[in-house]
Ligand SMILES: [Zn+2]
């Protein structure tokens, strides 16, 4: 009786000793030592199992159960302690690894498209959604293509509207607008319907300053078919303005004059900076000029190979750099071709 | 064109507020660029502060209680100053003594009470006016002051002080009927609309022209000035003759005569109107011609008749119009002797040239203060000749401005009659009862047949024939409705209406303008779409641009205009080719931008140079055309190239990597290799290049399949010296976009992902220094056969261990089979084959 009670008490002690020792454990190595000492082959609880044969038969079950409980309890305590230690170790590691997150990041080498390309692409993408196709034509043109065929005869007052770079080859100039592409596109596609955008560089004989450049991009729009109206022109450009500047963008069409369109219009857009209330960018007027447009002049249709009695069309011209200048508040158009990296990297 | 509101009101009743008036004109194509207040209140005053300033408003508003009409009853000498006078003035509230130095009052000084009071513009204390003594327009408020011992708190005003003109010599002397005591703004407050006249609207470069547009827009009647020749009076028979030698140059020439005139200052209201319209009053004869030009749009010319008679040897002058002889000379009234070209049309008499037709009068026959008889010319001229003459002679007269855009010949007669009448009114004299009128070539005022369907087809609006006719009637077209058609006859004051389809378009534009662009609906295109088409060149350009941006390069766009010497910097000074043919400008803006570029690389290096000191890392590219003139073509070729330049740090520096290495040859080669695989070009091939701009040992030509794409490498040190660059080497490439397009693989297939594990092993071989790596790799591939899947060079070693003139190349190899796991024996076999090949082909020996 005494013996068995002693063994049961001993098991309680073994458990208590094991748990007390475990509380002192601070690292993985000590934990391995503890395991050997308290759960290894020669550990006290294991010794009890080893002595099982010498325990009176009637007590064996009770002692066996108790020893087992002690072993399981020690094993569980070991697991728990190990988990705590792992967690503590991890916390120490994480603390030690803490960075100064305010240090600057390591920059990837990344490039950007030129802002003029970005503006051009943005405009073209909108018209492509509407079914327009990109059509390109030469930057060096004949006077005939650039003027005569567009209903701008030599010595016509309208010639004053374009200051032209002439070349030493008679009759060859730098195109003053993308409009010669209208004739080229029409001649290539007549009598099929046309919806093209003509993007590209144009040239003006003009002293450069903050708002004038000798070269700049244009995007011209041309639609030719049998049922194309001024109302379509308005609708198309209004849709464009809403896609480009937001759903609330309001446009205004003012009569104007271009020799290659009739009726002709100037397109104003409600200033998107001040919402039409007037600001520095719109010079207080609430409106911004964004381009010119009109119905293709019958003479131009004829020159392109379309019978103006049957076909009609519209054309419009937009300035990507000008639109970018408005959108990003760029104060000097000369920034575009100066290619200062400090300017380009802002886009 | 400056349009004084008061003048406009001579022809049409206007009750619209100023801003509405400006908007009505602007929305009809007569854009109002500025409203200059000349007394009238600011239209924005009193509106909420956030009202947009749709129109630019300048000028001065006259306070009604501070600036009034007053009368001077006596001009008295100043006790202490010779150059000042004291005026006994009545401003309607009582008598005041006012001090002034106006020279135009001196003639009345000390004459006692004036029999007829002088009407003046009087500013009371506290009036806000412009300072007459400062240049420009500086606002000032009248304060009490003591000048030469006399109290002064108010003043009589000059035009400058009231913002009418810059005239400050004397004070304004109002016409006698000005009502004393009335606020000046009520008597003559005005506003000037600065209207921009479109090139096809020269008919509106006049008061009546603008009034006519307004009448049409507002549906109001137009009051034309009443002018006619006297019923009784002398006849011009035998007084002058006209000979037109070429009616295409001079379709009409009209002469009128007035005798007994006395050139004198015009009435004040005439002078004020001329000044407000931007012209300087001269005398009552010249002013009448300018006034009627501004009023009607017909430039007129006044000859001193007695000078012409003298030139005709005392007989009756004959006016001859003709083209100038080459080298002929004429001194114009600005005193400049001008040598004439054959395109210039002259008005001559039998003694020679008198004036440049439609541009400027000659000095000799000009009217002078002594002129007593005026022969008045009204004519029509070929606009092309006037334009060329004005351009050639650099003469921008008001007459040339109008005639160079086409003035209807009908106005010649109307102008002469109206002007003769005004001349006699303002200068005295007797107007002759008839004219001499040669009109050999009247214009065809086109008659256009326009249908309801035409309007619908082009504008997308429904108007019936009656509505169409009504709109055109308002613009003075004569219309007849026939069923659903309108037959519209062009009114005889405009030359901008064509015939046929053009005429229809011209009318439709007028209908749209008067109907109002804002009233036309907005619709979506309903016409059939064209067939889809693609532009492969554009697509490949976009792909190249996107790829290079992804590889970390910045796009730039340069001026296409350059100078040959700028491009010549691409070559070492001692190795420059002869200058190639450039597309050269006839009128360059400056010598630096005189030709179209032939080299994209030269453009890009210019940009690199500009940025060399701005960034430690420059990775730039440009895609764009160059311009190559060709003997056999009118237009140059415009091939598109892509140029790349790398210089400086390979990566952006960071705080833990302050000095990354400089870009070198292999960075650009890697970019090009990636470009090739990104665009799925045919396999790339690199061959050492000999290019004068590039380092002979660090440059290569790039091929894709059989197509040569271009060249790249490190800039030759002698070329680099030509540019203002820093230490780091510059690595450049120039590729032909057309070649890139041509070398795209038309078809490509993917490989299945392998399922059996690979065998990896390394091999290091020693070869002679001059064996190119590409040869070693080729031998490995040939030896490896189809089980060899990847070859990667991972180390190059040179050193004592392997001996001089040798290098060791270490490769990592991957073997793999599609259908089983390779055995060690198989791998060893492959390795043996590779080694044998290497030994045979590049005389390699295994290292280690
Ligand atoms: Zn704004």
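Cβ from N, Cα, C; glycine included.
Here TrEMBL flags B:496, B:506, B:509, B:510 as Mg(2+) binding site. The C-beta environment of residue B:509 (Mg(2+) binding site), restricted to residues of the same chain at least 6 apart in sequence and closer than 8 Å, is empty.
Per DSSP, the domain 'TRNA-binding' (B:61-185) is made up of 12 helix, 46 strand, 67 coil. According to TrEMBL, the domain 'TRNA-binding' annotation covers B:61-185.
Residues or ranges marked as domain 'B5' by TrEMBL: B:443-522.
Remark: secondary structure over the domain 'FDX-ACB' (B:754-847) totals 37 helix, 32 strand, 25 coil, with classes taken from DSSP. Feature annotation from TrEMBL assigns domain 'FDX-ACB' to B:754-847.
The DSSP breakdown of the domain 'B5' (B:443-522) into helical (H, G, I), extended (E, B) and coil residues amounts to 37 helix, 15 strand, 28 coil. Listed binding-site residues: B:496, B:506, B:509. Those with a CB under 8 Å from a CB in chain A, in sequence order: B:506, B:509. Sparsest Cβ environment among the binding-site residues B:496, B:506 (other Cβ atoms counted within 10 Å): B:496. In sequence order, B:471, B:472, B:475 make up the list of same-chain residues 6 or more apart from residue B:510 (Mg(2+) binding site) whose Cβ falls under 8 Å from its Cβ.
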